[in-house]
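Below you'll find the structure, written out as structure tokens, and then a few comments.
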Amino acid sequence: MAAKSLILVLLLLGTFAYLMLFERKILGFFQFRLGPNRTGPWGLLQPVADGVKALIKEDVIPAEADRLIYLLAPGISLFMALAAYAVIPVGPPVHIGRYTVPLSIADPGAGILVLLAFTSLGIYGVALGGWASQSKYALLGGLRASAQLISYEIAMAMNLLAVLVMAGSLRLSDIVAAQSPYPYALVQPLGFVIYLITASAEVARAPFDLPEAETELVAGYHTEYSGLRMAMFVMAEYVNLITQASLVTLLYLGGWAGPSWLPGVVWFLLKLGAVLFFFIWVRATVPRLRYDQLMALGWKVLLPLSVANLLAYAGWAALAG
Amino acid sequence: MAAPVERVPPEAGARAWKVARGLAKGFGTTLRILWQRKHTIQYPDRRRERSARFRGRHELRRYANGQEMCVGCELCQVACPANAITVYAAENDPRHPHSPGERYAFAYEIDMLRCIYCGLCEEACPTGALHLTQEYEMAAFSRDALVYGRRILVDREATEFTVPEVVYPPFEGRRPPEAPEAGRERAGVTAPAGEQEAQRALSRRQDAGSCVPEERRAVAS
């Protein structure tokens with residue numbers, strides 16, 4: 001368990017670092033540029049350079065800051081982001097000799113609930129960080145960010161419920177198993193689309209990256225953070241993105257299901273990569289929303305639609321028995 | 001007055017369709033760009049040709065026989081709209097002339113921080129000595145280093161071409177109608193008079209707290 005946790009954390013941090021490089025590259029391609037390519041072949045050492053830079057940057061703590069909470073906040077964000085991944089299975093259990101190793105740290109019966117709990121708790125890092133900075137911009141940024149995350153989480157939960165109704169289980173591996181032969185993206189196209197939108201808002205990705213909205217807020221809740229602490233917030237954001245993309249893969253794309261000429265893990269990773277690419281594609285295409293547009297979209301469009309979606313599938317499930 | 005136009009908000013379905021179509025178009029555009037050739041120029045590795053009329057760093061050319069083309073006429077200084085050029089002309093020593101003219105640029109400096117690269121100095125130069133090259137990498141670590149003097153403007157290889165022949169008649173010393181060389185020798189002047197004058201002008205300027213850098217002072221003196 002401990003070994004698996006360590007491996008998972010290292011894997012996630014490595015993936016995060018290279019996801020950032022991948023994103024910068026792809027964004028560059030989307031903008032007629034080459035992206036980072038000066039550090040190492042094809043810029044492959046860029047994450048290392050970025051990491052070193054974050055480490056040696058001056059770390060400023062505002063004089064009036066609530067030190068304990070200020071120092072704790074990025075940790076909370078990052079910890080919750082990493083912890084959420086513990087319940088995500090990345091493939092079918094692997095058989096090594098007489099041992100069967102499940103490819104997740106835990107696959108609890110209430111998997112989805114655990115996941116929701118952790119991702120919601122991550123908001124504490126954001127809100128507390130904004131508050132403890134003792135800066136009005138950071139405070140407003142933190143409040144904005146948490147208001148956004150909470151409002152989109154509701155629409156997201158409605159979609160999750162529709163999936164749970166169909167699968168009849170909260171366990172993630174059961175949900176994956178329930179998706180044969182048709183992945184839920186085909187069964188619930190509306191839910192799939194809404195989930196993608198709410199997921200990108202939940203992890204504060206473009207076009208919903210208002211918590212950072214650097215044009216209006218100078219980075220919002222992490223205005224007063226610098227160096228490694230700032231990097232931890234970014235890290236948490238990207239790990240959350242990986243978690244959400246994994247969740248999309250598990251809930252709507254059939255997880256590790258696929259033709260057997262590739263192992264399940266590879267299928268999972270391919271689908272995960274495709275979802276991540278999609279998120280980057282969205283970032284390169286759609287302009288950032290205004291805050292009132294964001295709220296209107298969340299409460300007036302996505303929430304009713306996802307409730308309707310849930311009711312439709314719940315009614316269908318009840319009728320089908 | 002025209003009757004107020006009643007605005008009918010478009011139907012929700014039509015609006016959703018419009019949004020979806022707009023999004024699809026946008027996604028198509030970005031995806032098309034993804035595969036297109038990138039416009040990035042790998043700058044230090046690859047450089048783009050600049051236009052022939054590009055105006056970069058100045059240089060003062062020489063003739064092929066080593067003589068300076070600049071005759072210290074100061075027309076560039078006059079023409080410069082940014083007052084970036086300062087010329088201290090001195091009279092040539094007839095035995096070892098720096099330039100074919102009567103005078104030469106004893107000290108010549110261009111304040112590149114003021115230069116606007118308009119090229120008027122180049123236009124004004126009667127001998128074609130001053131030339132704006134294609135060079136544009138001129139970053140420096142101090143402001144002083146950006147006041148270019150003779151060392152940078154004259155004492156370096158010409159970038160494009162050297163003018164093979166001196167088209168002006170060689171300078172053989174000024175010959176006033178009465179007593180050509182005699183007066184000078186009588187006065188016991190060792191250096192040409194103009195040079196001393198220029199030296200005095202320079203030192204006056206330095207006393208007044210000018211920003212002529214150390215290296216330039218060495219060149220000037």
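Glycine is no exception: its Cβ is also placed from the backbone N, Cα and C atoms.
TrEMBL entries are annotated by machine, without manual review.
Sequence-distant neighbours of the transmembrane segment (A:6-22) (same chain, 6+ residues past either end, Cβ-Cβ under 8 Å): 36, 43-44, 46-48, 50-51, 82, 85-86, 105, 234-235, 238-239, 241-242, 276, 280. Look at TrEMBL and you will find A:6-22 (among others) tagged as transmembrane segment.
Annotation source TrEMBL lists transmembrane segment at A:68-88 (among others). Long-range Cβ contacts of the transmembrane segment (A:68-88) within its own chain (Cβ-Cβ under 8 Å, at least 6 residues beyond either end) map to 5, 8-9, 12, 61-62, 104-108, 111, 114-115, 118-119, 121-122, 124-126, 128-129, 131-133, 172, 222, 224-225, 229-230, 232-233, 235-237, 239-240, 242-243, 246-247, 250.
The transmembrane segment annotation in TrEMBL covers A:108-128 (among others).
Residues annotated as transmembrane segment in TrEMBL: A:149-170 (among others).
Cβ atoms under 8 Å from those of the transmembrane segment (A:182-201) belong to residues 148-149, 152-153, 155-156, 159-160, 162-163, 166, 207-208, 244-245, 247-248, 251-254, 257, 278-279, 282, 294, 297-298, 302, 305-306, 309, 313 of the same chain, restricted to positions at least 6 beyond its ends. Taken from TrEMBL, the feature transmembrane segment applies to A:182-201 (among others).
The transmembrane segment feature in TrEMBL is assigned to A:238-258 (among others).
Positions annotated as transmembrane segment by TrEMBL: A:264-282 (among others).
Residues of the same chain lying 6 or more positions beyond the ends of the transmembrane segment (A:294-319) and with a Cβ under 8 Å from any Cβ of it are 147-148, 151-152, 154-156, 158-159, 161-162, 165-166, 188, 190-191, 194, 197-198, 201, 208, 210. The transmembrane segment annotation in TrEMBL covers A:294-319 (among others).
Within its own chain, the transmembrane segment (A:108-128) has Cβ neighbours under 8 Å at 69, 72-78, 80-81, 83-84, 86-88, 142-143, 145-146, 149-150, 153, 157, 160, 164, 169-173, 175, 202, 211, 221, 233, 236, 240, 243-244, 247, counting only residues six or more beyond its boundaries. Long-range Cβ contacts of the transmembrane segment (A:149-170) within its own chain (Cβ-Cβ under 8 Å, at least 6 residues beyond either end) map to 109-113, 116, 119-120, 123, 126, 178-179, 184, 187-188, 191, 194-195, 198-199, 201-202, 204, 208, 251-252, 295, 298-299, 302-303, 305-307, 309-310, 313-314, 317. Same-chain residues lying 6 or more positions outside the transmembrane segment (A:238-258) and placing a CB less than 8 Å from one of its CB atoms are 12-13, 15-16, 19-20, 78, 81-82, 84-85, 88-92, 115, 119, 122, 160, 163, 172, 175-176, 179-180, 183-185, 188, 191-192, 195-196, 199-200, 202-203, 205, 264-265, 267-268, 270-272, 275-276, 279.
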